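Structure first, commentary second.
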Amino acid sequence: MATNAPKKDVVIVGLGWTGSILAMELCEEGLEVLALERGDDRDTVPDFKYPEVADELKYGVRYGFMQKPRNSTLTVRRTLEETALPYRMLGSFLPGDGVGGAGIHWNGHNWRPMVEELRLRSYVEESFGADIIPEDMTIQDWGVDYDELEPYFDRFEKVAGIAGQAGNINGKIVEGGNPFEAPRSGDFPMPPLPQTVDAMMFADAARKMGYHPFPRPAANASQAYTNPYGMQLGPCNFCGFCERFGCLNYSKSSPQTCVLAALKRKSNFSYKVNSEVLKVELAPDGKTATGVTYVTAEGEEVFQPADLVILAAYQLHNVHLMLLSGIGQPYDPATGEGVTGKNYAYQMNGGTSLFFKDIEFNPFVGAGSNGMVIDDFAINQIDFGKEGFIGGSYISSGTTNGQPIRSMRLPPGTPSWGTAWKQATKEWYGHSMSIGSHGSNMAYRDTYLDLDPTYKDRHGRPLMRMTFNWKPNDIRMTQFMKTKIEPIAESMSPDIMQSSYKSEGAMYDVRPYQTTHNVGGAIMGTDPKTSALNRYLQSWDVHNVFVMGATAFPQNLQYNPTGMVGGLAYWSANAIRKDYLPNPRPLV
Amino acid sequence: MSTRDHSTTRRGFLQSAAAGVAVSAMTHPAMAQKQPPVALEEYSPTYFTAEEWTFILAATARLIPSEGDGPGATETRVPVFIDLQLAGDFGNAADWYMEGPHVPDAPAQFGYQSPLTPAEVYRAGIAEFDEWCRQNHNAPFAELDAATQDAALTALQKGDIKLASTQGASFFGLLLQNTKEGYFADPLYGGNHGMAAWVHIGFPGARASYLEWVGIDKPYPLGPVSISGERA
Amino acid sequence: MKTLLKIIGLLVLLGLVAVAAIAFVPIRATPPQGQVAADFKPAEGQGEYAMRLADCAACHTAEGGKPFAGGRPIESPFGTIWSTNITPDPETGIGGYTLDEFRHVLYDGVRRDGAHLYPAMPYENYRMASEEDVRALYDYFMNGVEPVKSEVKKTALDFPFNQRWGIRVWDWVGLASPGFKPRYNNPVLNRGAYIVETLGHCGACHSPRTPIFAQDGTDGTSDGFLRGGEIAGWSAPDLRGAKSAPQLWSASQLKAYLASGRNNHSAVTGEMSLVVQDSLQYLTNEDLDAVVAYLRHIGDGDGGKEELPASGEKPAPDATTALLNSADPSMDLGPRLYLDNCGACHFTNGKGADGVFPELDGNSLVTADQVTGLLHVILNGSRLPSTRERPADLAMPGFGKRLSDEEVAALATFLRGAWSNKAGPVDTATVAANRSGS
């Protein structure tokens with residue numbers, strides 16, 4: 001039997017980026033806010049402190065900061081016919097764990113979406129005709145426009161302290177920035193980072209081909225910075241231990257560096273760690289939540305009553321909780337009906353490696369978000385009708401790290417062991433670079449999330465089941481990017497080149513790391529029949545439940561999701577503060 | 001306000017200073033280095049049996065041989081690394097989801113589906129592979145000549161030798177992965193002795209500070225430092 | 001040790017000479033300083049604000065303890081003094097104190113039972129506080145603080161310092177006359193002087209001590225006032241010299257340091273962290289401006305100019321920076337250790353980053369004659385207090401685990417001579433002594 005805790009105004013599930021932002025915003029309203037985090041507490045010192053954090057094996061290879069599958073995982077299958085099997089050890093994606101969540105271990109690529117991406121179905125239908133959309137592709141508009149979100153993207157960029165070069169300020173194209181980006185109301189809070197050798201070489205080559213290189217928008221500080229909460233970042237020192245690591249230098253934007261110390265000063269905020277929410281409890285009529293039930297580290301179950309429940313866990317975990325709690329009708333791929341679990345999508349990436357015998361890249365000189373990018377093949381730059389796919393990619397080059405266990409790039413044909421391998425590690429370490437494409441991924445009728453019929457978690461709850469595979473549309477998109485990247489690479493005259501792009505028939509493989517940009521499953525939209533959340537991230541069915549994160553993406557952007565996630569969090573927080581709290585009800 | 005690890009008072013300083021002394025006396029590199037490490041042949045494995053240890057010494061010596069430019073697995077004490085890893089969380093699959101039902105023969109793209117922990121995979125894999133060597137070459141792996149050893153490992157890697165006892169797990173894959181980990185990981189874990197593998201490729205280790213080198217295409221000359229402060 | 005013996009000798013001598021006088025001269029309580037209406041009631045928050053100015057919490061709230069319940073150890077050259085419970089609990093706190101008794105403690109350092117307080121209680125400074133502030137403080141401690149019933153550890157110094165009557169003799173010799181007398185035509189300077197000299201008790205650490213261990217001057221008219229002192233082996237830097245930080249920094253940088261514990265040059269460490277955490281961050285903007293104006297007024301220089309925005313042009317690297325930038329493997333141990341341990345945040349130019357990572361070039365903690373503070377920070381790290389203006393409790397990790405005594409000595413010696421620093425070397429024995437906390 002669960003014990004009852006004293007009631008709170010707001011309970012927040014998960015204390016990562018969106019949990020800390022919502023806590024901050026709702027504490028401003030004077031509400032009593034409790035955040036429940038199932039992982040450990042984490043702070044720069046002691047948890048990310050130098051030198052202990054500069055440990056490739058512990059954090060880069062053994063995933064020290066990630067969610068342990070033993071504690072929480074899901075099952076995966078590629079088709080409706082397959083039997084899903086557990087994702088037993090981490091590989092393809094790495095959900096975060098503990099206070100700060102994935103916000104501590106990201107690289108910090110912080111993008112805004114394109115105008116067209118937020119109304120993708122309408123854009124495609126208006127520009128190319130509805131008939132180019134494959135029958136099984138279930139893309140949708142987001143229900144919110146870029147212009148409405150712009151102030152909130154701006155807010156998140158100022159809080160997170162993004163370093164970059166604007167390309168479009170209020171419609172005016174700015175030299176050196178991304179000329180294809182959506183208009184922004186002002187410049188980035190910080191100038192761009194300095195660039196590594198590979199990034200500069202790529203930018204030169206791209207420029208010579210008539211493309212428009214610009215510095216990657218970075219959540220790695222380029223100088224000392226103080227954000228609107230008074231929180232501070234120090235300049236990134238290119239330590240080469242960024243992705244998968246907490247930042248040892250207060251340089252990477254994270255809940256720790258940008259929000260938490262300010263939040264912890266608020267007397268109406270409290271948080272509990274090692275407290276895993278098992279279920280959102282609903283009132284008998286199912287129209288409101290009464291609170292959440294969580295389990296403490298000691299195994300005690302506690303019912304936490306609250307007027308407002310914010311799901312701010314990782315995308316996958318938000319959907320899992322909704323399925324377990326009966327929030328929204330579960331999606332059924334056979335009929336296309338139901339909304340919870342619908343439209344899971346991922347990210348379609350590819351890349352070409354370039355080897356240069358005589359160039360020293362010093363790859364250990366790296367920052368998570370260092371790099372130069374071209375957006376000449378972005379979603380709004382491609383004739384979908386002509387090219388035969390819907391989607392786009394940004395193309396970039398930059399160095400995040402030179403850690404030798406996981407970042408030892410060797411030419412094709414090099415033996416994987418023996419004297420020749422050993423010789424190759426000396427010859428080629430620091431003599432290669434890569435150019436990558438980071439692209440959109442559409443949603444399909446049979447890419448979705450539901451509860452697994454067989455496997456259970458440590459609390460006896462069904463694991464969530466992911467059904468996902470690569471589709472011809474997205475494979476055509478990445479093959480198109482290959483035809484654009486290879487000529488750039490060739491123009492740089494490498495000694496050896498190797499490309500890696502998914503080709504026809506590629507099946508999803510959970511083993512190699514691809515990206516932790518899992519999206520969808522409780523998507524936002526304008527119609528309760530086709531979306532789980534309204535345009536304010538409010539559950540259509542249970543109006544005092546708001547769901548943060550990439551859970552709401554109807555399909556994936558061509559960009560890394562955090563900028564969008566942060567913007568949506570502030571957008572939703574504003575709606576809660578201005579509109580919901582004075583009169584709690586369905587906002588649409 | 002979190003007050004964890006605050007030490008702004010004199011009292012706190014004294015306490016942490018005292019703790020610092022205690023820890024440093026145990027782990028300080030300068031002190032640790034004074035005693036050369038025990039020879040691999042005399043090392044008492046934590047996880048491996050004597051027979052298994054003999055195999056690991058021989059197998060890693062072929063995966064990263066001593067001959068040629070740069071140190072081998074033996075000089076960098078990779079076998080010690082593997083032994084300690086298997087005795088710890090990694091070997092016990094402490095972080096992995098190990099609940100059944102298991103489908104060991106699932107397509108490889110489903111990832112690890114064996115019911116065995118890595119430590120169990122080594123135990124089963126070494127025994128079965130050594131047995132294969134005995135049957136085909138009349139001696140356990142460690143006693144074969146280098147060329148025969150290489151051929152056997154190649155056959156194992158290519159799947160020409162199938163090990164039923166590892167129940168779907170790739171023994172060779174684990175062995176190769178762990179060997180490279182032991183070669184390149186921080187010396188904290190028992191391998192990469194003297195940071196020799198880092199020196200070999202030019203990786204500066206745990207320095208984690210290079211702002212002044214961004215965009216410079218000259219070779220970075222300074223040797224590595226380890227987490228414990230060892231310099232090379 | 002020599003100084004200690006000297007002080008002991010002096011005290012014993014003074015004590016013996018004065019024994020007779022003590023027996024016959026009654027203890028007199030200093031009367032109220034200034035007129036306050038009989039029905040005076042402090043404004044809302046006035047008492048708490050005076051408490052913040054006086055930083056009562058720094059000593060009277062133990063780490064992790066209830067507010068003002070005492071029990072915090074205060075190291076003195078004569079032994080550990082345990083702070084008392086000043087909550088309004090009638091038995092174990094000061095609940096039974098009358099206003100006059102309360103004032104007697106603040107002004108004269110004499111308890112209700114007639115016992116003399118050790119001058120760790122800064123009555124040397126508090127005795128100049130206004131009657132209005134005394135009343136406000138009294139009101140706060142009687143009505144605004146939760147009573148806590150808690151006996152604290154009794155202070156038990158060794159002979160002769162356990163003879164509290166000796167303090168009385170010391171008081172006769174060491175105490176200045178009570179009451180604050182405005183000296184300037186400028187109300188801002190007068191306010192600044194009042195805060196710094198009285199409740200703020202800055203001189204308690206930052207003024208040198210006389211041979212009998214009294215503050216060498218308790219106001220700006222004394223040459224010795226705020227010329228630098230020592231606390232628990234740490235240097236409490238000179239605040240008035242032309243080369244001192246408050247005189248070199250611009251007004252806004254000095255203000256930022258006081259309000260948030262950090263500025264473009266430096267960050268608080270050691271005892272000053274508590275001062276910022278418990279006191280200075282709560283000062284009003286006007287009071288901070290007054291303190292800044294006063295400190296600059298009594299300084300020897302003209303006060304630092306406001307900094308212009310950086311031109312974007314990097315100055316040519318000096319010899320230290322050039323050496324560090326080269327990553328030359330033949331460099332000495334000191335600079336090598338800097339690259340391996342310090343450069344990540346403080347960078348090769350030793351300039352750190354504004355408000356986040358302190359400058360080491362020209363840093364008074366680095367170049368102080370007393371190296372205890374520098375060694376403490378290297379060995380154990382340091383953490384900034386979370387403040388209203390700058391909530392991040394930025395922390396430097398300690399390197400005591402990673403570095404041997406020889407290495408710390410080489411590193412500290414390098415730091416003290418790097419860039420424009422010109423301070424002497426640090427030897428291994430000094431590091432060893434600091435590491436063990438002796």
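Quick reminder: no glycine exception, Cβ is built from N, Cα and C everywhere.
Unlike curated records, TrEMBL annotations are generated automatically.
According to TrEMBL, the feature region 'Disordered' maps to residues C:302-326, out of the candidate ranges C:202-226, C:302-326. Contacting chain A by the Cβ rule (under 8 Å between Cβ atoms), the binding-site residues C:Cys59, C:His60, C:Cys202, C:His206, C:Cys342, C:His346 reduce to an empty set. Nearest by CA distance to C:Cys205 (heme c 2 binding site), out of the binding-site residues C:Cys56, C:His60, C:Cys342, C:Cys345, C:His346, is C:Cys56. For the domain 'Cytochrome c' (C:329-419), the DSSP counts in helix, strand and coil order read 39 helix, 8 strand, 44 coil. In sequence order, C:Tyr338, C:Asn341, C:Gly343, C:Ala344, C:Phe347, C:Gly352, C:Phe357, C:Leu360 are the same-chain residues whose CB sits within 8 A of the CB centroid of C:Cys342, C:Cys345, C:His346, the residues recorded for heme c 3 being left out. Within 8 A of the CB centroid of the heme c 2 site residues C:Cys202, C:Cys205, C:His206, the other residues of that chain are C:His201, C:Gly203, C:Ala204, C:Ser207, C:Leu226, C:Gly229, C:Ala236, C:Leu239. When the Cα atoms are compared, C:Cys202 (heme c 2 binding site) and C:Cys56 (heme c 1 binding site) turn out to be 13 Å apart. Residues C:Cys56, C:Cys59, C:His60 make up the record's heme c 1 site, and a Cβ search at 8 Å around their centroid adds C:Asp55, C:Ala57, C:Ala58, C:Thr61, C:Phe68, C:Gly70, C:Arg72, C:Ser83, C:Ile86 from the same chain. For the domain 'Cytochrome c' (C:187-299), residue counts in helix, strand and coil come to 53 helix, 11 strand, 49 coil, using DSSP.
For the domain 'Cytochrome c' (C:40-145), the DSSP counts in helix, strand and coil order read 42 helix, 12 strand, 52 coil. Nearest neighbour of C:His206 (heme c 2 binding site) by Cα distance, taken over the binding-site residues C:Cys59, C:His60, C:Cys342, C:Cys345, C:His346: C:Cys59. C:Cys56 (heme c 1 binding site) and C:Cys345 (heme c 3 binding site) are 34 Å apart (CA-CA, integer value).
Taking the Cα atom of each, C:Cys59 (heme c 1 binding site) and C:His346 (heme c 3 binding site) are about 32 angstrom apart.
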